[in-house]
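Listed in TrEMBL:
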TRANSMEM  B:16-33  transmembrane segment
TRANSMEM  B:45-64  transmembrane segment
TRANSMEM  B:76-102  transmembrane segment
TRANSMEM  B:122-140  transmembrane segment
TRANSMEM  B:152-171  transmembrane segment
TRANSMEM  B:191-211  transmembrane segment
TRANSMEM  B:223-245  transmembrane segment
TRANSMEM  B:276-298  transmembrane segment
TRANSMEM  B:310-327  transmembrane segment
TRANSMEM  B:339-359  transmembrane segment
Amino acid sequence: MRRSLFRRNKKKETNNNEENFSIKIFKNLDKNMGNLKKMLDEPNDLVIRKFTIHDSKHKCGVAYIDGMVDSDLVHNNIMKSVQLITGRKPLPEAESKLFEEIYQEILSVTSIKKGTTLDDISNAILGGSTIFYINGIDNVIIMDTQGGETRSIEEPITETVIRGSREGFVENLRTNIVLIRRYIRDPNLRFKTYQVGRRSKKSLVVSYMDGIINPDIVKEVNRRLETIDMDDAPESGYIEEWIEDSFLSPFPQILNTERPDKVAAAILEGKVAILLDGTPFVLIAPATLGNTLQSPEDYYERWTIGTLLRALRYLAAFIAVFLPALYIALVSFHQGMIPSDLAFSIAATREGVPFPAFVEAMLMAITMELLREAGTRLPTPIGQTIGIVGGLVIGEAAVSAGLVSPAMVIVIALNAIASFSLPSYSVAIAFRILLFGLMVAAAIFGLYGIILCYIMLNIHLVNLKSFGVPYTTPFAPNFLGDWNDLVLRAPVTAIKRRPTYMQTHDEKSVNKGD
Amino acid sequence: MKSFKYADEKISEKEILIAIPSMVIGVGILTLPKDLASAVMAADGWIPLLAGGFIAVLMTWMVAKFASGFANQTFLTYASSIATKPVAIVLTFVFAVLFLLITAFQVRQIAAISKQYIFDRTPLEVIALTFLLVVVYAVSGSRAGLFRLNMMFFPIILFIAFSVFIFNLGWSDLGNLLPVFRTGFTDYLKGLNTGITSYLGFSILWFYIALVDQPKKAPKMAALGMCIPVGLYIMLYILCIGVFGREVTANLLYPTVELAKVVDIPGGFFERFESVFFVIWIMAIFNTASMALDVAVLAINSIFERLKKLKILLILSPVVYAVSMFPQDKVDVDSFGSMMSHSMFFYTIFVIVLLIVLAKMRGVKRDE
């Protein structure tokens, strides 16, 4: 509510800085060229080539931005065509007819259209198109010649698998769409394009499968995407934050992935994928809590190991959130609950430690976060050094200096390992945030505090929705039928239906019998 | 076109099935074996529990059946079309007060038991306040969210109850269960009194049936849901007698929690299982308290339609806290509890009879 008000205010602001370029194109070639230069303030990567068509009567010109176009395409299919083919056959005298002839027959570029305003030109040329002018005509030809350097397809670094496709998304939107199309060759696969960013004017593509997806989700996604109003969306994280249901929640309500196979699987489950130009991270919506703990590899190995891995992940999630808090509660409140042998050995290791368990845990957990952060930011060779230094500091020095107890080191290390074993980094961060809150609760109220926090966490989760889908489904609202692909990963022959909670059009996914 | 019907504020019949036991199972079961054992001989307590359970299931069914005849109408609406509007307002208001008392009782009990089993130095008031705040947080969310919470917690509660049962089987002594059928008739009546008041909570149906998606299926589901606590109570009661014997059970403060104390988890990770048991049981008590408070808010909201839910909640919760802190000691709390459950029981019977009779007399039609 507050947020929508905020947005409305924002829209009311007049865009004084934004100039309107819907100026018509002139007939005079030089004037047009001059306008283009003036608009872009003569950057040195703007290439303008004026030349005359074979019979040297008609002046024309080509403009593009160097580096953004495929220069082979410009040389071979535009310049050569216009300059060579025009010499082989007679050309019409009238400029308009010549323009049509060039548009229809001579230019050998597949994606081609006409433009009439300066706005068209600026959008196209900044997006990597080439503009073709003819003197005496107030139209231009816009040719899609996007090219230039891009990263090649590599294995995604954040989501490696042992078995499964090695392809990952790249920064180029076209390539990303192709990667999805290679997985799903269905004519009903839809790619709807939006433009986001008032300044950056980036393309954003929403992909889904018509006939499977519930139309309500598409409508809702469209509605939310249309409210986007910002200068630039550098990464899909901006889009995610703008369109998610609750920005107060630590939990990601939209998944992100670098893996085309994961996106394709989500689309086939009746979900929406949102691709943004310039980032390899594709958004998948709606998401549920169960989805965040799944990895594509669960489906590629045999189902028994898939199921066990998932169960392991639920255990990991529990350890990632609760273990240090439980340790604090047991050590500082409920020593009686620890079996006496264990209690003695813990007490022995805590001998000489000057801090209460909570301070000790906080020290270690914050050190752990610092190490993680330092490790991520640094280049790999130095990152390893950090790992070694950190390991020594945590494991050896802190203990032998008597600052922390060895038991606490084990607890925090186990907790860190558990949180990094989760397949989704964004949910792992959410758990790490919760961890600190739980430690505080455990320090104040012990087990009672932990259970109250657990209840509060559940209250938050059941009230959370992702694009109309309750976050805790299929646990609650309960769909027992969907449990075959939740903690359990049933054999593929047994997962006959798409998830019921997605309310898909086409319910069966295998064994259709036709 | 299908829409996301399951995600709106309606309640599915599955959720009613879970909501009833979630509401009924609360602090009552923790003291129940003690009260029963002091009334009847040996394991004979199962008879009043079963009889009481039968009555409770029947009443649940009747309330659900009656209320589901008025689909999508609030209690106030159909009660005022049967009796008159002023009468309906009074009826609703009394329900609201009773449900507030239930919440207050749960809050007080949880604080008292926590003090006994988890920590002894923390003041009662602080324990109660933190619990109440969590309950208020739950109620301030969506109503469907409460039912989803039931769905999330109930399996865990059942799991812990069954694990207590299974781990205790080895400790129970069949000799403790004997002799059977030696209880006198008046003692059975006394036991029945305890038995039936422990099943209260189905009155939420008066208000929640209006939110049910398919009211026709609700009575059966509600009655089925009521069978769960009946089974669970009998199971735990017999186990208590089997493990402790009648004399000890009658003198234990919280026999059901003490049962968990006997449990020895193999592997030696946890000692004092009763703390773990009680901590998990807090979820059950939380479900009861949050639904009771929510019904109270719903009832008040139907009287004062213009007030916002959150406002009512913020006015009511200090009242609940004050009431829960009012009893001075254990005896006070017990008499408060029995006063509350008796008035709830008789009031529910009174409302059923009143509404059915008036509906017949005045010929108010229920849509079948």
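Numbers run from 1 along the shown chain.
From the backbone N, Cα and C atoms, a Cβ is placed for every residue, glycine too.
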Who are the long-range neighbours of the transmembrane segment (B:223-245) in its own chain, taking Cβ under 8 Å and residues 6 or more past its ends?
16-21, 24-25, 29, 32-33, 36-37, 42-43, 45-46, 49-50, 53-54, 56-58, 60-61, 64, 158, 161, 164-165, 168-169, 171-174, 176-177, 198-199, 202, 252, 255-256, 258-259, 262
Between the stretches B:16-33, B:76-102, B:152-171, B:276-298, B:339-359, which one has more Cβ pairs under 8 Å with the transmembrane segment (B:122-140) than any other?
B:276-298
Output the single range from B:16-33, B:76-102, B:191-211, B:276-298 maximising the number of Cβ pairs under 8 Å to the transmembrane segment (B:45-64).
B:191-211
Would you kindly check B:152-171, B:191-211, B:276-298, B:339-359 and say which stretch has the most C-beta pairs under 8 angstroms to the transmembrane segment (B:310-327)?
B:276-298
To the transmembrane segment (B:191-211), which of B:16-33, B:152-171, B:339-359 is linked by the most Cβ pairs under 8 Å?
B:16-33
Sequence-remote partners of the transmembrane segment (B:16-33) [C-beta within less than 8 Å, at least six residues beyond its ends]:
45, 60, 64, 105-106, 109-110, 113, 147, 150-151, 153-154, 157, 194, 198-202, 204-205, 208, 212, 218, 221-222, 224-226, 228-229, 232-233, 236-237, 240-241, 249, 252-257, 281, 284-285, 287-289, 291-292, 341
Checking distant contacts: for the transmembrane segment (B:152-171), what same-chain residues at least six beyond its ends satisfy Cβ-Cβ under 8 A?
18, 21-22, 25, 232, 235-236, 239, 243, 259-260, 262-265, 273, 276-277, 280-281, 283-284, 286-287
